[in-house]
Amino acid sequence: MKAQPKASHFIGGAFVEDKAGKPLPVIYPATGEEIASLYSATPGIIEAAYAAALKAQGEWAALKPVERGRILRRTAEILREKNRKLSKLETLDTGKALQETLVADAASAADALEFFGGIISGFNGEFVELGGSFAYTRREALGICVGIGAWNYPIQIAAWKSAPALAMGNAFIFKPSENTPLSALALAEAYKEAGLPDGLFNVVQGYGDVGAALVNHRLTAKVSLTGSVPTGRRIMAQAGEQLKHVTMELGGKSPLIVFDDADLESAIGGAMLGNFYSTGQVCSNGTRVFVHKNIRERFIERLVERTRKIRIGDPFDEATQMGPLISAAQRDKVLSYIKKGKAEGATLACGGGVPKLQGFDKGFFIEPTVFADVTDTMTIAREEIFGPVMSVLEFSDEDEVIARANDSEFGLAAGVFTADLSRGHHVIGQIKAGTCWINAYNLTSVEVPFGGYKQSGIGRENGIAALAHYSQIKTVYVEMGKVDSPY
């Protein structure tokens, strides 16, 4: 099974190769086999990307917003036309079940392109009357923006970052995760087919040193990262030295609160979506599931029943509901957290091991795992695991669970399940998290902002807010009379 692209990088509207770069093997997580071989960007590749972006950006920014938007919307159409092909590529790249990639990856990328392509013509400055004279503001492009992606949603992240940047008139250079470098190249081809001028969307591959080179480049106006908190801190420090704009979408250890009046099956479904989708590799996952003591036993019993029915196996079988983790290293990390959970006294309700799957013995699979009797101080309740491991904690009253939910360095997301919408709104109003749900979980519509509080990030993806983060404001004062000067 192979997925070798035409070349490692996409610069100035064309595939580009430089075999002097460090080899970058692409591994299919379900089997452990190498499906492609790429090369990390050399300094020459990086400079070529900036030269192409610089050449194209000014003319692009001068276009009418509606003209820029038209190209983005055409790109969305192309992604939808090729959704099945792109979904298969994403499954090869990530190991995620095709059942999932068909609806959640290229499809979400298309949604973002369609949204920003449509709304950009209405994203304007403001007019301020000043008693005869007046002022107005202009929203202007930043210049060349850099995106650094994660390996859980490669094409979605590439589009979520590039769509608002391009809509605002910026040029974009994207570095995918070294684990999942393929689908960003497919997005670049879609942009090209849609008529995006050469040089506006460039893809450079590489490891952390390439990301650092992009962050520190003198022509970089903004950096948008999806990644871990430690990586975010390093990039913030580097960008801060040159006062570059940043958006940081980082990790989480989000609370999901289930009150005793909640619809039990819906709450369990939400908890499973918030822990097992993408094999648990979702930054906003609600991995701390707080369940009211009155329904705790019923909740866990039914949760375990449903979790044991999750179908694990061949990601290309559309009946498969869960694929492997991204790598052997990630699987070993998750298994180490499961070991810690048991050692610290949590009850392993189900899962916790490596399934035996015929034909996939070298894949990076792990069973969906549920821990009960978890306390707030346990490692599995404090640290982001990034795998299919759910911690169920018991609570007895509203004020208590709000305080415990907020007792975290993270603040990316939160959810509440209750039949009392008044209580739902009240609780969410007290939770320190940037993206919240009531009677749902992990639904991320591109029309609304996505991002976190505290250590979970700075800035927002999606919604009109994202356009603000890819632009700068110019204020213009217009004097309608004579200048009144004491000199």
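Cβ from N, Cα, C; glycine included.
From a predicted model like this one, the values you see are computed outputs, not experimental measurements.
The K(+) 1 binding site annotation in Swiss-Prot covers I27, D93 and is backed by sequence analysis. Here Swiss-Prot flags G149, A150, W151, K175, P176, S177, E178, S228, V229, P230, T231, G251, C283, E384 as NAD(+) binding site, drawing on sequence analysis. Positions annotated as active site, charge relay system by Swiss-Prot: K161, E461. The K(+) 2 binding site feature in Swiss-Prot is assigned to L243, K454, G457. Swiss-Prot lists C283 with the feature cysteine sulfenic acid (-SOH).
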| query | I27, V229, L243, C283: which of these binding-site residues has the highest Cβ count within 10 Å of its own Cβ? | reply | C283
| task | Report, in whole Å, the straight Cα-to-Cα distance of G457 (K(+) 2 binding site) from V229 (NAD(+) binding site). | result | 8
| said: Quick check: in three-state DSSP terms, what is P176 (NAD(+) binding site)? | reply: coil
| query | Just checking, which of K161, K454 (recorded positions) has the fewest C-beta atoms within 10 Å of its C-beta? | reply | K454
| field | Local backbone state of C283 (NAD(+) binding site), from DSSP in three classes | value | coil
| request: Just give me the nearest neighbour of E178 (NAD(+) binding site) among the recorded positions D93, K161, L243, K454, G457, Cα to Cα. | output: D93
| remark: Sequence-ordered, the recorded positions among I27, D93, K161, L243, K454, E461 whose CA is within 10 A of the CA of G149 (NAD(+) binding site) come to K161
| task | List the Cα distance (Å, whole number) between W151 (NAD(+) binding site) and D93 (K(+) 1 binding site). | result | 9
| field | Three-state secondary structure, which DSSP defines for V229 (NAD(+) binding site) | value | helix
| remark: Expressed in Å to no decimal places, the gap between the Cα atoms of K454 (K(+) 2 binding site) and K161 (active site, charge relay system) is 21
| Candidate recorded positions K161, P176, C283, G457, E461, pick with smallest Cα gap to I27 (K(+) 1 binding site) | P176
| Could you give the Cα-Cα distance between P176 (NAD(+) binding site) and G457 (K(+) 2 binding site), in whole Å? | 19
| request: Whole-number Å only: compute the distance from the Cα of G457 (K(+) 2 binding site) to the Cα of D93 (K(+) 1 binding site). | output: 26
| query | C-alpha of E461 (active site, charge relay system) to C-alpha of D93 (K(+) 1 binding site): distance in Å? | reply | 23
| message | So if I measure Cβ to Cβ from D93 (K(+) 1 binding site) and keep only same-chain residues at least 6 apart in sequence, which ones fall under 8 Å? | response | A3, V26, P154, T180, P181, L182, S183
| Where L243 (K(+) 2 binding site) and T231 (NAD(+) binding site) are concerned, what is their Cα separation in Å, rounded? | 18
